[in-house]
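According to TrEMBL, the disulfide bond annotation covers Cys39-Cys49, Cys114-Cys175, Cys148-Cys158, Cys258-Cys268. What TrEMBL lists as domain 'SRCR' is 1-68, 75-176, 183-289, 298-361.
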Amino acid sequence: MRLQEFNEYCKFSRIGASARTNAYFGQGNSSSKTLHFDCNGSETSLLHCSIPNTGTCSHSDDVGVVCPYTNTELIRLVNGPSLNQGRIEMSLDNGATWGTVCGNLGTNGAGVVCAALGYPREGATYKGYSVYGQGSSSQPILFHYPTCDGTETSLLDCKRSTSTCSHTYDVGVMCIAEPTTLVRLVNIYIGTMFNKGRVELSVDNGTTWGTICNDYFGDAEAKVICRMLGFHEAEGVAVINGSYGFGSGQILLDDLNCSGEETSILQCQHKPIGENDCTHDEDVGVACNYVGQGSAEVRLTGSSSRYQGRVEVKLAGTTIWGTICSLNDFDSTEASVICAMLGFQRSGAVARLNAYFGQGTESQPIILSHLGLLPPCVRRWSHLSAVTKSIVRFGSINNG
C-alpha cells in the first residue's frame, strides 16, 4: 500500500494519514487473505481501487494505518471510592458515548491514563479483571489490550492488539494521590481579585499556574470555580475571550463540561490536562456573585505570637481568607481597630507594613485595600505590601 491507500482507509479525515508497515500492529492470522491495492487517492472505498495480480507477500508484510484524529477525546474514572481511582472510560465523540478499556493495561498504560487526568505518572497502578465493576452491555469496548511505553500523552497513541476481550476484563487505574488543585482569579489591571478575574489553576501545589480555554465554558463551569474559591452561594458568570487579560503559562484545560454541582473543576469532563487547541486570547474568567452584610472574621498569621502577625480577613458568606493591601494609609488607628476586633486593647497598637510578617500565598486574594473598600492595589504591589486595613462594616461587592 501507498499513502493513497491509507487515505482511503482514513476516510473520515484524509489529511495526515500515515502508513505503518512490516506488521507494526501485529500479524494477521493464517486464514486472512493478503492483497495488494493500487489507489489514486480519490476513491471512497478500497473496493474501488485496483488489485494487481503481481507480487506476493506474507503476514510479516501486513500493513496498518494511523489516521488523523480530530474529535474530542475525553477520559474519566468511574465507580471508584475516590477521585484518583476507578474504571477507565473514554469518549471519542465529546461525551456522547463512553466506552471502556479491557485487557492487560500494565503499569506504563496506567501512567499514561493518570497523566492525562492530571496525576503523576509515577506510582500509577493498573487494576484488571473489572475490579471497579464491568461496563454495561450497551457500552463499547474502545481499546483491547493496549500496549504503552509510558511516554504517550493519550491511550490513542499506544499500540493495540488484534485480540479482543470482554467487559469481564475492563481495566481501571489507581493514581498515587488526588491532585491538589489550586484556583485563583487574576486581573491585569487590578491584581489578584476577590470575586472576579481570569481563572488560573495549579495542579502542582502552586509551583506553576495555567489557564482555561473558553471552548464550551459557561455559567455551570463558572459555578464550580466559584465553589472552589469558597463562595457559599456558588453562583457565577462566565467571562470569555480574555476579558480579564491573557495568561502566559500553560493552557491546562479545554472543552470543559460540568453539571455545576462538582466540587472541583477536574471532576468535570475535559480533555487531558494540557491538551488543547487554544491560544491565550481565549482564556476564561469568572465573576462570582457575592453580597455580604455585616462584619468579617479576622486573624493574625505568620508569627509565633498570638499578639502580632499578618492580618487576614474572611468575609461573611465565603470561606476565603485573604489579605488587605495598604500603601501608606495604614497606621496605628487602623491597627487599633484590628486589635479591638481580636479582643485586645486598642491603645498601643502598632502597624507593620510591607509584608513585615510575610506575604500571602499566590492563590490568596487581596480582599480589601486602603480605606472604604477602594479598588485593590495594582498588581505591581501584589502581596509585597499586603497588610490588612481596618474592618468596620461593609455593604456589598457586586459584579459590576
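Backbone N, Cα and C define each Cβ position, glycine as well.
Everything TrEMBL records as a feature, shown here on the structure.
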{"residue": "Cys39", "record": "disulfide bond", "DSSP class": "coil"}
{"residue": "Cys49", "record": "disulfide bond", "DSSP class": "coil"}
{"residue": "Cys114", "record": "disulfide bond", "DSSP class": "helix"}
{"residue": "Cys148", "record": "disulfide bond", "DSSP class": "coil"}
{"residue": "Cys158", "record": "disulfide bond", "DSSP class": "coil"}
{"residue": "Cys175", "record": "disulfide bond", "DSSP class": "coil"}
{"residue": "Cys258", "record": "disulfide bond", "DSSP class": "coil"}
{"residue": "Cys268", "record": "disulfide bond", "DSSP class": "coil"}
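The Cβ of Cys39 (disulfide bond) has 20 other Cβ atoms within 10 Å, all protein chains considered. Rounded to the nearest whole angstrom, the C-alpha distance between Cys258 (disulfide bond) and Cys114 (disulfide bond) is 20. Taking a C-beta cut-off of under 8 angstroms and a sequence separation of 6 or more, Cys114 (disulfide bond) has the following same-chain neighbours: Pro120, Arg121, Ala124, Val173, Cys175, Ile176.
With helix defined as DSSP H, G or I and strand as E or B, the domain 'SRCR' (183-289) counts 16 helix, 34 strand, 57 coil.
Around the Cβ of Cys258 (disulfide bond), the number of neighbouring Cβ atoms within 10 Å comes to 22. Calculated from their C-alpha atoms, the gap between Cys49 (disulfide bond) and Cys158 (disulfide bond) amounts to 30 Å. According to DSSP, the secondary structure content of the domain 'SRCR' (298-361) in residues is 10 helix, 14 strand, 40 coil. Closest by Cα distance to Cys39 (disulfide bond), from the disulfide-bonded residues Cys148, Cys158, Cys268, is Cys158.
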